[in-house]
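Database features, via TrEMBL:
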type     : residues : note
TRANSMEM : 76-100   : transmembrane segment
TRANSMEM : 112-133  : transmembrane segment
DOMAIN   : 153-300  : domain 'Palmitoyltransferase DHHC'
TRANSMEM : 197-220  : transmembrane segment
TRANSMEM : 265-288  : transmembrane segment
Amino acid sequence: MRSRQRMFAAVMRLLLKCLRLGRRRRFKLVRQAEQLWHYGHLCLRSLLYNSFTNGDVVLDSLFEPIYWLVDHVTRWFGVVFVALVIGLTSSIVAIVYICLLPLILQTYTPAWICWHLVYGHWNLIMIVFHYYMAITTSPGHPPQAKNDLTGISICRKCIAPKPARTHHCSICNRCVLKMDHHCPWLNNCVGHYNHRYFFSFCLFMTMGCIYCSISGWEMFRDAYAAIERMKLLEKERLQVAANQTYYQTPPPTFSFRQRAFHKSVVYLWVLCSSVALALGALTLWHAALITRGETSIERHINRKERQRLQKKGKVSTARSTGAGWRRARCDVPLLILQVFRNPYSYGSWDNWKVFLGVDSPRHWITRVLLPSPHLPHGTGLSWDLPPCVTEQHAPLLAI
């Protein structure tokens, strides 16, 4: 009896020992798995961690394949876009001369005829001139040799000196002075020497499209109604022809010339209205940038710099072109209450004078209202105070 009890006790001790050992092994495996998981997570974070990473950096990384595709496709399709602009503009001009001009000369009063002839041809000359100059004029490139310019840096892609406001174009594979953007419709970069031509082309093209849309509104309505009437009569004619016996199809109700005229008017109005909306929005955007003395790239840089200085408490959140610290009603050091300003802005009016190259009142006619190939202020390598600026502003808190 005692031997049975001893044996049973020994078996139970052995079973408990095995269970305890299995539990220890199981807990050990779980601890090892947790350690491996934490170690792998730490390694992954150490590889991807960057103190400068934010939502914009992640978004740029996700769009990097699209940027690469655009850079390589735009380089080859630039000629196609230029041919498309020339072809569409030429088609509108041909329709105006062939279809609309004879109608204007027959129905309008002499005063309106003079207005359309003078304004229409002036607008066309300005469009052709500025588009040709924007395409053929080099935006300007920095010299490859070393120089003594102040505040100069080195381009990481060209490995060459890069003056202030100069940026590298990945499509042209060159640095561009005062680069705004690469325009596929010009097959050229928009920079220091052709920025005025680009904006003037956008402005006068928008004005021309608005002029054609407003002037041709009544003609568009009549042409659209005539086309709908043509479709209805054509449908009725085919129904009659199906019910009767003819050796040949009856002649059409409208001639080919009438059909071509009405369809050309509809095409002109639709195209001009669409271009006026799209290009008008782009023109207003660039006009706002010119008013602030910025380019498209500098707007992004200045916004980042403003946010960085605000986080450090060096500038206030107020948006002002003057002494924003005067409106603050608290005892805080002056440095904290300064307002961030673009270092290349001279005020709204002076920014437009510098951009358009207006040094005297007569230049508004000879250089703005008439075609003018004058060069912009400065060489794009340094940014001294232009002579047309009326006053020098206070030191700016910006880079």
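Every residue gets a Cβ built from N, Cα and C, even glycine.
Here the transmembrane segment (197-220) has long-range neighbours at 92, 96, 100, 103, 116, 119-120, 123-124, 126-127, 130-131, 133-134, 137, 180, 183, 186, 190, 265-266, 268-269, 272-273, 275-276, 279-280, 282-283, 286-287, 290, 355, meaning same-chain residues at least 6 beyond its ends whose C-beta is under 8 angstroms from one of its own. Looking just at the domain 'Palmitoyltransferase DHHC' (153-300), the mean pLDDT is 87.
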